[in-house]
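One structure is given here, and the rest of the page talks about it.
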Amino acid sequence: MAKEIKFSEDARTKMLKGVDKLADTVKSTIGPKGRNVVLEQSYGSPTITNDGVTIAKAIELEDHFENMGAKLVSEVASKTNDIAGDGTTTATVLTQAIVNEGMKNVTAGANPVGIRRGIEKATSKAVEALHKMSHEVKTKDDIAQIASISSANPEVGKLIANAMEKVGNDGVITIEESRGVDTTLDVVEGMQFDRGYMSQYMVTDNDKMEANLDNPYILITDKKIGNIQDILPVLQSVVEQSRSLLIIADDITGEALPTLVLNKMRGTFNVVAVKAPGFGDRRKEQLEDIAILTGGTVITDDLGLNLKDVTIEQLGQSNKVTVTKDDTTIVEGAGSQEQIAERVGIIKQQISETTSDFDKEKLQERLAKLSGGVAVIRVGAATETELKEKKYRIEDALNATRAAVEEGFVPGGGTALANVISDLEDVEAEGDEATGVNIVRRALEEPVRQIAENAGEEGSVIVTKLKGQKPGVGYNAANDEWVDMVEAGIVDPTKVTRSALQNAASVSALLLTTEAVVADLPEDNPAPAAPAPGMGGMM
């Protein structure tokens, strides 16, 4: 396919138009009085959202060169979302500000490579200053405030704070759609995996159709049990102690399962059998997790262990086990806290090293199950459109909260970025590098300016007033007042603010140093085929 090439100012001007079109759409959503954007869907009702990355990804421009500029800004939003889970609109606003100021200087004759070095120096200094002013997340209220600001909803803030309190900072919090109009929180404490009882005759509560085992022993194996004689010695040991038993095995076949069910129905002892969770290597890892959590040993050929030789000491234990037709939940396992902590450390290390999103998700699930449990936020709304919008907000709030737990938080509302401007005076730079530093100084004002303008105020006036305030005091656009942002609970995660600035600076510097742009030439529509002779009049 033939290509069209644009050079120098022509190339940069076209890309700048694309940057502005996307950024102008996204930045209207920033702040407590930001607006929504309606996105057409190929099917179904349109989506109404104020989520920066969702809007950015939805935009495709007709002009190829403009579209490339827009896609680079979309990349900033996506990268920020991937790293921090929020801050995509801030990243977009910063990118537009840096690119626009940079383009003016490059057009006036400045060297773009020198400007890029200045931008990089200033960004590095600003990030350092952000870390210095960062506050550690210490209380449930801190979490609630961060989630409330991100979602623009105090109720969501409380919900996420409650969820994190229940399952811990490493716990899994999932967001699902509810069938009702209320948004609720369900917490599954302990370790849960998606395998239910092998026979409904094992239930102990016929109303709920679930099996409850109090203070049970747990036999954990990756073997198939086909002969009851294989596990008879350990069954007798359990019966002698008048305890119940949970069997987790690859499968129970032949006469073994009916024999277990028969003994359960006769009241000989209380037993429930479930299949081992996962597949392949993941199954082995999950069984090992269960063993460590319950203080047991996985009976496997890898360790040279046979079912006939299992002793009571090799069984796991827990305070309670609940088994439904779909799930098994182990509460308060009897495993050593030291061994659990060591296992958690190994999984965290694997999470930091893996490059696969799927593997990372599975590792985080395992980590949560060992660390405390799983919380499910069920999002309810009156309409499907409202449900989607609400779900986006809660996802952003959850991501922001996790980011704050990781790196702390800074004053919100763009105040932190404006406060670090004074730190850039220490950056050593001359000529075009100094120009690059000044471009970043000017861009750091932009989030405050845009938040004010979305609230109906004059952005330049608010920025000038902010410079006269002591550090940490900022403009609360929601109530049109000047407050100490941290005391007022208006805070942003440090990781979100830092990532937004770093990603904006990175892509902006690339745009400014662009000298040529190559795009596909639009195809001419071919002429319609002529009708075959003698076919006229046919319908």
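Each Cβ is built from the backbone N, Cα and C atoms, and glycine gets one as well.
These numbers come from a predicted model, not from an experiment.
Per Swiss-Prot, the features are as follows:
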BINDING   T29, I30, G31, P32, D86, G87, T88, T89, T90, G413, N476, A477, A478, D492  ATP binding site
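Swiss-Prot feature annotations superimposed on the structure.
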residue : record           : CB count, 10 Å
T29     : ATP binding site : 21
G31     : ATP binding site : 25
D86     : ATP binding site : 34
T88     : ATP binding site : 32
T90     : ATP binding site : 28
N476    : ATP binding site : 20
A478    : ATP binding site : 16
Open item on the list: Taking DSSP as the reference, which of helix, strand or coil describes N476 (ATP binding site)?
Closed with: strand
Task: In three-state DSSP terms, the structure that G31 (ATP binding site) belongs to - done: coil
Task: Distance in Å spanning the most remote Cα pair of T29, I30, G31, P32, D86, G87, T88, T89, T90, G413, N476, A477, A478, D492, given for ATP - done: 20
- [ ] For D86 (ATP binding site), just give me the three-state DSSP call.
- [x] coil
